[in-house]
Amino acid sequence: MKTRTNFGLLPLCALSVLYSCSAFYLPGLAPVSFCKEVKEEGECQTQIQLFVNRLDSVESVLPYEYDVFDFCQDAKESRPSENLGQVLFGERIESSPYKFNFDEKVECKKVCTKVYKKGNKEDGEKLDFLKRGMQLNYQHHWIVDNMPVTWCYDVEQGQKYCNPGFPIGCYVTPEGNGKDACVINADFNKKNSFYMFNHVDIKITYHSGGDEGWKGARLVAATMEPRSIKHEDENKPACGGTVPMDVFSTFDSDVKITYTYSVSFEENNAIKWASRWDYILVSMPHTNIQWFSIMNSLVIVLFLSGMVAMIMLRTLHKDIARYNQVDQDLIKVPTPSGKVQINYEDAQEESGWKQVHGDVFRPPRKGMLLSVFLGQGTQIFIMTFITLFLACLGFLSPANRGALMTCAVVLWVLLGTPAGYVSARLYKTFGGEKWKTNVLLTALLCPGIIFADFFLMNLILWVEGSSAAIPFGTLVAILALWFGISVPLTFLGAYFGFKKPAIEQPVRTNQIPRQIPEQSFFTKPIPGIVMGGILPFGCIFIQLFFILNSIWSHQMYYMFGFLFLVFIILLITCSEATVLLCYFHLCAEDYHWWWRSFLTSGFTAVYLFIYAIHYFFSKLQIVGAASTILYFGYTTIMVLIFFLFTGTIGFFSSFWFVNKIYSVVKVD
């Protein structure tokens, strides 16, 4: 009855979660008003400041700061304060020389001219780096009023896609084939040449408050159109020309690039400030696929729930009733001598899980390592749940830059106590006595592996000069959070865990281990573990595609409602698949379920890694050894975290199941 009620609520929960995720702007993100003239101080602003972020590419994992590419720089450069999440993701926001006043049209204004002289080694290196950026399709990311400046263009089936970035330029191969953005203009036709997007037409759309009782106007959209224009006279640039700014592959003569921009304004009171991101998000046509993903996952969940319900309500219920009936009535079998003999075998031959009651709670081998993994898995599970829940409420929206990563890191640091408690309590239940080693491993083992991997990746980023390289001060701050807050909290949790008595088992454990009978192929450990991860992975692989796209293809991810729903479905699927396989193995009289329950659902992480390899070769165009090492280095961190997360879910669901079934059956 409970199962049916819960699944009836799932669609309602989905709709409510998805609805809540559309409310991006919560208290704390206040709108900024702009006006032509300031009558009262603090009333509104006249100047619109355009900020630039780091440049990235789908063909390289290495982002670079704006200044590295030798673009025009702001004379009075300023950098807004960045949170931990922004630093970890490699965001480097700084002011730009593109400045303009509200509602003042700008026509073909010169920003600066960059000259690269032939024979000058430094100029040659700068120009080569610029060409490399165009060849790898590096993209600008500009920001106006905390909103991305987007490049909107038509795609297939009449759809319009708004990209929160635009390319530096493009490249035409020696065969005359235009790469990336070079396909948009027939004039980009010179072989083995680069075309620089040195002019931008910026259009600012605003919502006026004149009719709504508030002063000024609020920006609701910022779009732009990149163009390549060869300016003959740098002092009097003409932006109506059609001759593109080409740069040949060979540095045979001086190269002069003049950067210009135009700005126009448009009033549109139909767009509300609170929904100004919608035009970007709506242009990403993924919603139908997302609903397919949810329906696919729900079918798997319903199938598994049916299987589990059948076992619980029919098979298991009959087993328990029969075992208890045997204990009460005693089956009497007449013998040739006329005496009565008590016989349990006929009642127990169909199901063998009761026969292993004296061994089912025998402590596992490597109990120390298992308890450490479970402690860390609990920490990751709680962190993930709270982070996704806050994201659904809109606190961690794309408008709040870096908030998602900052929230996850802070939560992980503060959740050391449950990790220490769970690890210590289980280790004590397993009969362990080396409590100091247990606490130290819980606090240091898995975080240490992740930090070592992260540090090696950071060294590569440092060597490559990437903006994603974490500054030394930030690394020290992360270590301070780990050793100054997380480790002491883990010790505190372990203290309370060891003070508590060991978890009481419903049946006693025999002194002599029972011999496990010969197992069939499907009840052997490895086939069971391999099969166990298939169904949970089937629930998440479509959602996984969008997550990998947001990380490696730099697409905006905002569908936290779908993600939270998939998280709940993954939780149910991991639990049910593990319980199902645990029951089958106990029926086969194999009582080694501790590690198996952890590894069965944890094996989903192996499928995730295989999918990440497939995604790398089939979807990405990443080139270069450094980028490849970084991709698989960061993927390894994701896989390890996911392994601990799913393994913990599987273990605790099986732990509850085994305790439950052995507590309701009568054992002499």
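For all residues, glycine too, the Cβ spot is worked out from N, Cα and C.
All TrEMBL annotations are machine predictions without curation.
These features come from TrEMBL:
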- 1-23: signal peptide (SIGNAL)
- 291-313: transmembrane segment (TRANSMEM)
- 372-396: transmembrane segment (TRANSMEM)
- 402-427: transmembrane segment (TRANSMEM)
- 439-463: transmembrane segment (TRANSMEM)
- 475-498: transmembrane segment (TRANSMEM)
- 529-552: transmembrane segment (TRANSMEM)
- 558-586: transmembrane segment (TRANSMEM)
- 598-617: transmembrane segment (TRANSMEM)
- 629-658: transmembrane segment (TRANSMEM)
Selection from 291-313, 439-463, 529-552, 629-658, the stretch that has most Cβ pairs under 8 A to the transmembrane segment (598-617): 629-658
Stretch contact, the transmembrane segment (439-463) with the transmembrane segment (629-658), Cβ-Cβ under 8 Å, 3+ pairs: yes
Criterion met for the transmembrane segment (372-396) and the transmembrane segment (402-427) (at least three Cβ pairs under 8 Å): yes
The transmembrane segment (558-586) versus listed stretches 291-313, 402-427, 475-498, 529-552, 629-658: most Cβ pairs under 8 Å: 291-313
The transmembrane segment (529-552) vs the transmembrane segment (291-313): 3 or more CB pairs under 8 Å: yes
Cβ-Cβ under 8 Å with the transmembrane segment (629-658): same-chain residues at least 6 beyond its ends: 61-62, 360-361, 370, 373-374, 376-378, 380-381, 384, 446, 449-450, 453-454, 456-457, 460-461, 532-533, 536, 552, 570-571, 574-579, 582-583, 586, 593-594, 597-602, 604-606, 608-609, 612, 616, 620, 622
Remote residues contacting the transmembrane segment (291-313) - C-beta distance under 8 A, at least 6 residues beyond either end: 3, 7, 10, 14, 535, 538-540, 542-543, 562, 565-566, 569, 572-573, 576-577, 579-580, 583
